[in-house]
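Per TrEMBL, these features apply:
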- 16-264: domain 'SMP-30/Gluconolactonase/LRE-like region' (DOMAIN)
- 18, 154, 204: divalent metal cation binding site (BINDING)
- 101, 103, 121: substrate binding site (BINDING)
- 204: active site, proton donor/acceptor (ACT_SITE)
């Protein structure tokens, strides 16, 4: 589609940029740099980026109903007070696995914070396998473990009717669906709805649009793809000027802009000279579809 326009809005060169989330109140895009250990906020009006440094790899950020944010930090769920730059631990998981850390996370329509873990990488996408689990932090601060044996817990979102949970374990090269009970937060009946093709590479972060279609960022594939979860077919591909596209979300005044994060870790000097915008954050306009606002954590 010729009307699609891509621009790099943050050229900070994040090691592993991840977890883009639109904060409507601040007219800002939040994201994290996992290996850079910082939570970042880009203001769409002033075009300024602010960052809060933290003491461990920070892998996701989400809005909080009571104000400010929640993050996944190392193997902790934590609260982040932005102005005070104050981080307080809510609870910890995987205490028996000192080599683990959280990866992607997102809040469900009932205000539970879902996030999964993985082993620390030796090199990008190279790690001890089946060490991760998927968890959810409930508003009462209790934690539910949904399943284990996960390689790289990644993209997640919910269908528009809230009855299906979509999930990616990256090294399965599959986008999976589960039946979802919004009342209890329970998931079941796992099935694959899309297997990635070779050139699409590794499925990473994911979001849903108002038509119920999924957008998946393809790590090492340099693209986001749009999938129909009903038919299991890819309906659109948007290529980006960087290979390591990591995640995507909708934002902007009417949620018609897509924001895509990327990484530069694991790229040598020659590769970086070909892709100087690696690790940047990109804005895509003209897609002709909109997203939905993110849900805030209710605790």
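Using the three backbone atoms N, Cα and C, a Cβ is placed for every residue, glycine included.
Comparing the Cα of residue 154 (divalent metal cation binding site) with the Cα of every entry in 101, 103, 121, these being the binding-site residues, the smallest distance points to 103. Taking the Cα atom of each, residue 121 (substrate binding site) and residue 204 (divalent metal cation binding site) are about 15 angstrom apart. Counting every protein chain shown, the Cβ of residue 103 (substrate binding site) has 26 other Cβ atoms within 10 Å. The Cβ centroid of 18, 154, 204 marks the divalent metal cation site; residues of that chain outside this set whose Cβ lies within 8 Å of it are 19, 103, 104, 152, 155, 168, 170, 205, 217, 219, 246, 247, given in sequence order. Looking at 18, 121, 204, the binding-site residues in this record, the fewest other C-beta atoms within 10 angstroms of the C-beta turn up around 121. Annotated pair residue 18 (divalent metal cation binding site) and residue 103 (substrate binding site), C-alpha to C-alpha distance, rounded: 9 Å. The two recorded residues, residue 103 (substrate binding site) and residue 204 (divalent metal cation binding site), have Cα atoms 10 Å apart. Note: the substrate site is recorded as 101, 103, 121; in the same chain, 34, 57, 59, 100, 102, 117, 118, 119, 120, 127, 152 also have Cβ atoms within 8 Å of that site's Cβ centroid.
Around residue 101 (substrate binding site), a 10 Å sphere centred on its CB holds 22 further CB atoms from the protein chains shown.
The Cβ of residue 154 (divalent metal cation binding site) has 29 neighbouring Cβ atoms from other residues within 10 Å, across all protein chains displayed. The maximum pairwise C-alpha distance among 101, 103, 121, the residues recorded as binding substrate, is 11 Å. Residue 101 (substrate binding site) and residue 204 (divalent metal cation binding site) are 16 Å apart (CA-CA, integer value).
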